[in-house]
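Got a structure for you, written out below as structure tokens; questions coming shortly.
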Amino acid sequence: MAQAHRTPQPRAAPSQPRVFKLVLLGSGSVGKSSLALRYVKNDFKSILPTVGCAFFTKVVDVGATSLKLEIWDTAGQEKYHSVCHLYFRGANAALLVYDITRKDSFLKAQQWLKDLEEELHPGEVLVMLVGNKTDLSQEREVTFQEGKEFADSQKLLFMETSAKLNHQVSEVFNTVAQELLQRSDEEGQALRGDAAVALNKGPARQAKCCAH
């Protein structure tokens with residue numbers, strides 16, 4: 001008896017990851033490149049001078065949703081400062097990185113925040129302040145409390161890390177990823193709500209007028 005042939009069913013195409021752009025800002029030698037390299041490749045190099053901008057990508061899963069983080073690592077040297085502003089455009093999040101052993105880098109991170117605010121609309125970009133090099137805490141010039149108080153005053157996320165020891169590096173990027181997804185979902189719900197209200201109202205009726 002001939003067996004019935006089953007019609008092959010097309011497989012559902014895997015959903016594409018949702019893409020978010022993340023920029024790393026801060027003075028030279030604070031460890032921006034080291035943080036990105038540690039997170040993306042679990043590698044560490046103490047000296048990674050960036051010329052202009054370096055680019056990394058990583059796909060992460062937040063619950064059932066895949067996110068693709070496009071990580072733009074900007075150069076911290078003053079001569080590249082104006083060029084780095086070009087990478088602000090379209091950014092969803094920014095990490096303001098400073099070296100906890102250098103007070104000047106902490107003050108410079110505050111200037112980077114002002115630059116961001118001048119380029120982008122308030123609330124347009126999610127910002128986290130990151131104090132790097134906790135492995136050198138005996139040489140600390142910026143206390144945890146100083147960083148936390150400034151972050152709180154500006155409504156920023158805040159965390160301290162060590163790219164060298166791989167301390168809280170994944171936590172920094174994963175926290176940002178979770179916040180970005182939550183923001184995106186909330187904005188999507190708000191837009192759908194506005195659209196539903198507009199549909200319920202329907203087109204405005206024009207009043208008829210009679211000519212006498």
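Every residue, even glycine, has its Cβ placed from backbone N, Cα and C.
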I'm validating the feature mapping. Which of 58-74, 75-91, 92-108, 194-210 is tagged motif 'Switch 2' in Swiss-Prot?
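It is 75-91 that Swiss-Prot annotates as motif 'Switch 2'.
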For the annotation motif 'Switch 1' in Swiss-Prot, which listed range does it cover: 31-42, 43-54?
43-54
Which Cβ among the binding-site residues (S33, D73, K133, A163) has the fewest C-beta neighbours inside 10 Å?
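Each of the binding-site residues S33, D73, K133, A163 was scored; lowest Cβ tally within 10 Å is S33.
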